[in-house]
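Chemist: Take a look at what Swiss-Prot says about it:
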- 1-63: domain 'HTH dtxR-type' (DOMAIN)
- 8, 99, 102, 103: Mn(2+) 1 binding site (BINDING)
- 11, 77, 99, 102: Mn(2+) 2 binding site (BINDING)
């Protein structure tokens, strides 16, 4: 199982390849705001752990294992952003909140959050009911 740091790299590499068709060390460093030498070290570790294949000066490709986990990590991130929107978290806080919790939730918890997102999205009245509860709670606290 990858560490949280490894997950961040795999997720970013997956997104870059999906967007551009490739992921270079410099692109990964820029996206994660880290030094290229840090990326090289992590990419070598990910290669050793068979999440990707890295050839110096030639680039990298995700293995089947890397693609599978990358897809799941992107799904997790997107799902948590959806969940935050449903529960009414301010848009400007969503990204940082998701980054803060995504590595600490089990896949079972992610699946249950997925069920909850699906439940709310199946009927807009449910979201409105939640908003009503939130407004009532805000009025009580003021």
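The backbone N, Cα and C atoms fix where each Cβ goes, and this holds for glycine too.
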Chemist: Roughly how many Å lie between the Cα atoms of residue 8 (Mn(2+) 1 binding site) and residue 77 (Mn(2+) 2 binding site), rounded to a whole value?
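Modeler: Approximately 10 Å lies between the Cα of residue 8 (Mn(2+) 1 binding site) and that of residue 77 (Mn(2+) 2 binding site).
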Chemist: I need the CA-to-CA distance for residue 99 (Mn(2+) 1 binding site) versus residue 77 (Mn(2+) 2 binding site), whole Å please.
Modeler: 8
Chemist: Same-chain residues six or more away whose CB lies under 8 A from the CB of residue 102 (Mn(2+) 1 binding site)?
Modeler: 76, 77, 80
Chemist: Which one of these binding-site residues, 77, 103, has the sparsest Cβ neighbourhood, judged by other Cβ atoms within 10 angstroms?
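Modeler: Counting other Cβ atoms within 10 Å of each of the binding-site residues 77, 103, the minimum falls on 103.
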Chemist: Residue 99 (Mn(2+) 1 binding site) has how many other Cβ neighbours within 10 Å of its own Cβ?
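Modeler: Excluding its own Cβ, the number within 10 Å is 12.
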Chemist: Using Cα coordinates, what distance in whole Å links residue 103 (Mn(2+) 1 binding site) and residue 11 (Mn(2+) 2 binding site)?
Modeler: 12
